[in-house]
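**Student:** Here you go, one structure.
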């Protein structure tokens, strides 16, 4: 029974990372929501990236934002290996995307590559981090210390990306006071005071549907306006609140749909003559 749990936890953490980066973009001073005239497409995010002679303001499509997180992971791996330069082809291979997409996506941030020389790894890593709003620290509180909340609280990868999990809450008095990783589980009745002490500026709701709205309202009233919800319910929030939702059941349903069209191993090579 341990193996499926580990796989499930890995998938949940991966989804959490992707969506958390999108939350950061909305609340970061580096990116603001674009004001688009009525009837125009609202699929882009306007980026006002930090300065540099080669930087220019470009609209970032959501797909580009998602791929930037993949490039950043690959670049950080290269940094750990002491690699100083990387070509678009090498970065594409390390990210699992095409080199054409790499060049197109990085062009939104400015021109950093040199033909025949490639990209300077440390500089490009800093630029992408800045563009994604990861150049500052984000202090995350998790409300709900069940299996999901505990898995997220224990995940060491968030801190390396600028996300510091500073608090974990639960309402169950049998759970309050327990240690999860290096965190003690706080009583949810102390939410406001713990927020003030830890300076939490992001919240993850890992709660059942029936209590999610009430807790969401409390979080907002306590002054935290960036919320990631795993609760299987639509939450109502004011316009000034950045709310993102992860529905794992929906993601699995989408995955199941696409899995139907996957060829059997060896099928594509056997049928292509």
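Just so you know, glycine gets a Cβ as well, placed from its N, Cα and C.
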**Student:** With TrEMBL as the source, which of 70-109, 110-149 is set down as DNA-binding region?
**Tutor:** 70-109
**Student:** By DSSP assignment, list the helix, strand and coil residue numbers for the DNA-binding region (70-109), in that order.
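**Tutor:** Split by secondary structure, the DNA-binding region (70-109) comes out as 28 helix, 2 strand, 10 coil.
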**Student:** What are the helix, strand and coil residue counts for the domain 'CoA-binding' (133-234) according to DSSP?
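**Tutor:** Counting residues per DSSP class in the domain 'CoA-binding' (133-234), I get 36 helix, 29 strand, 37 coil.
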**Student:** In the predicted model, what is the mean pLDDT computed over the domain 'CoA-binding' (133-234)?
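**Tutor:** Taking every residue in the domain 'CoA-binding' (133-234) and averaging pLDDT yields 93.
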**Student:** Find, for the listed binding-site residues 145, 148, the residue with the lowest Cβ contact count at a 10 Å cut-off, counting only other Cβ atoms.
**Tutor:** 148
**Student:** Determine which residues of the same chain, besides 144, 145, 146, 147, 148, 149, have their CB within 8 A of the center of the CB atoms at the recorded NAD(+) site, and list them by sequence.
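**Tutor:** What remains near the Cβ centre is 142, 150, 151, 152, 170, 206.
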**Student:** I'd like the number of other C-beta atoms within 10 A of the C-beta of residue 149 (NAD(+) binding site), please.
**Tutor:** 23
